[in-house]
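S.K.: Dropping a structure here in structure tokens format, bear with me for questions.
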Amino acid sequence: MLFYGTELKSRLMLGTAQYPSPEILSDAVRAAEAGVVTVSLRRESAGQRAGQAFWSMIRDLGVPVLPNTAGCHTVKEAVTTAHMAREVFDTDWIKLEVIGESDTLQPDMFGLVEAARILSRDGFKVFPYMTEDLVGAERLLQAGCEVLMPWGAPIGSGKGLNNVFGLRALRAHFPDVPLVVDAGIGLPSHAAQAMELGYDAVLINTAVAKAGDPVRMARAFRLAVEAGLIAREADPIEERDMAAPSTPVLGRAMLA
């Protein structure tokens, strides 16, 4: 799958926050065979020595890095954070987050479009964290985005795909745009469902990091993403409102 001209080895993207230890994080990334890891500038900057150790570990994993603007609530804050992240992580990829509501962490679609326009003009390759809003999606594409990352549910909620209709509509309206379900996924079955809907990748963090065994859960998500993709490519049957016999009646004894 190509994202801004770069082919990723896996359709599973993995966040790097909230793990019990750096060693477990490293093992989880390997178990997931992640195509991308997301990182926060705030973590890198939290302590110079700790930040350097974290960044060194991430580099040693050899996985493409997608910095984010997590925690930003204004356009100015998000743009400033993105520029700082480009300097620190040496990449023009940015997962753009502009939070509009503190309780649900719902994206501010108006601010997101404005920030995406500014950052695209500044040479960034923007991965926008968005709602499943069709009009907002169109505006983000017009602003220069070539990837869309709609939420499945609020960040960290584990509720899965709250609005399957909306996610399916996005896929239908933008068949040629890479789409990634980002946020709210709690179980491997949620990830498989996203792939079955036609999405190109999923981004997981809390569901792996906070699991009782993050490394095994990372492997479970890897297998689920693979299963969902294979199922989609196998042309699954459509739902029916009525039963359809699966056993042939030819040759069956008939009573008068």
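Every residue gets a Cβ built from N, Cα and C, even glycine.
Below, the features straight out of Swiss-Prot:
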- Lys95: active site, schiff-base intermediate with DXP (ACT_SITE)
- Gly156, Ala183, Gly184, Asn205, Thr206: 1-deoxy-D-xylulose 5-phosphate binding site (BINDING)
S.K.: For Gly156 (1-deoxy-D-xylulose 5-phosphate binding site) and Lys95 (active site, schiff-base intermediate with DXP), determine the Cα separation and express it in whole Å.
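M.R.: Distance between the two Cα atoms comes out at 17 Å.
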S.K.: Any idea what DSSP makes of Ala183 (1-deoxy-D-xylulose 5-phosphate binding site), helix, strand or coil?
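M.R.: It is coil.
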S.K.: What residues, ordered by sequence, lie under 8 A Cβ-to-Cβ from Gly184 (1-deoxy-D-xylulose 5-phosphate binding site) and sit at least six positions away in the same chain?
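M.R.: The list for Gly184 (1-deoxy-D-xylulose 5-phosphate binding site) reads Trp151, Gly152, Ala153, Pro154, Ile155, Gly156, Ser157, Gly158, Lys159, Gly160, Leu161, Asn162, His190, given in order along the sequence.
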S.K.: Counting Cβ atoms within 10 Å across all protein chains shown, which of the binding-site residues Asn205, Thr206 comes out on top?
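M.R.: The largest 10 Å Cβ neighbour count belongs to Asn205.
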S.K.: With a radius of 8 angstroms around the mean position of the C-beta atoms of Gly156, Ala183, Gly184, Asn205, Thr206, what other residues of the same chain does the 1-deoxy-D-xylulose 5-phosphate site pick up?
M.R.: Gly15, Ala153, Pro154, Ile155, Ser157, Gly158, Ile185, Gly186, Ile204, Ala207
S.K.: Whole-number answer please: how many Å between the C-alpha atoms of Lys95 (active site, schiff-base intermediate with DXP) and Ala183 (1-deoxy-D-xylulose 5-phosphate binding site)?
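M.R.: With the alpha carbons as reference points, the distance is 12 Å.
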S.K.: Take the Cβ of Lys95 (active site, schiff-base intermediate with DXP) and count every other Cβ within 10 Å, whichever protein chain it belongs to.
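M.R.: Neighbour count, Cβ to Cβ under the 10 Å cut-off: 26.
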S.K.: Check the DSSP secondary structure of Lys95 (active site, schiff-base intermediate with DXP), expressed as helix, strand or coil.
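M.R.: Assignment for Lys95 (active site, schiff-base intermediate with DXP) reads strand.
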S.K.: According to DSSP, which kind of secondary structure is Thr206 (1-deoxy-D-xylulose 5-phosphate binding site) found in, if we only use helix, strand and coil?
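M.R.: Note: Thr206 (1-deoxy-D-xylulose 5-phosphate binding site) is helical by DSSP.
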S.K.: Could you tally the C-beta atoms, other than its own, that fall within 10 angstroms of the C-beta of Ala183 (1-deoxy-D-xylulose 5-phosphate binding site)?
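M.R.: The Cβ of Ala183 (1-deoxy-D-xylulose 5-phosphate binding site) has 26 Cβ neighbours within 10 Å.
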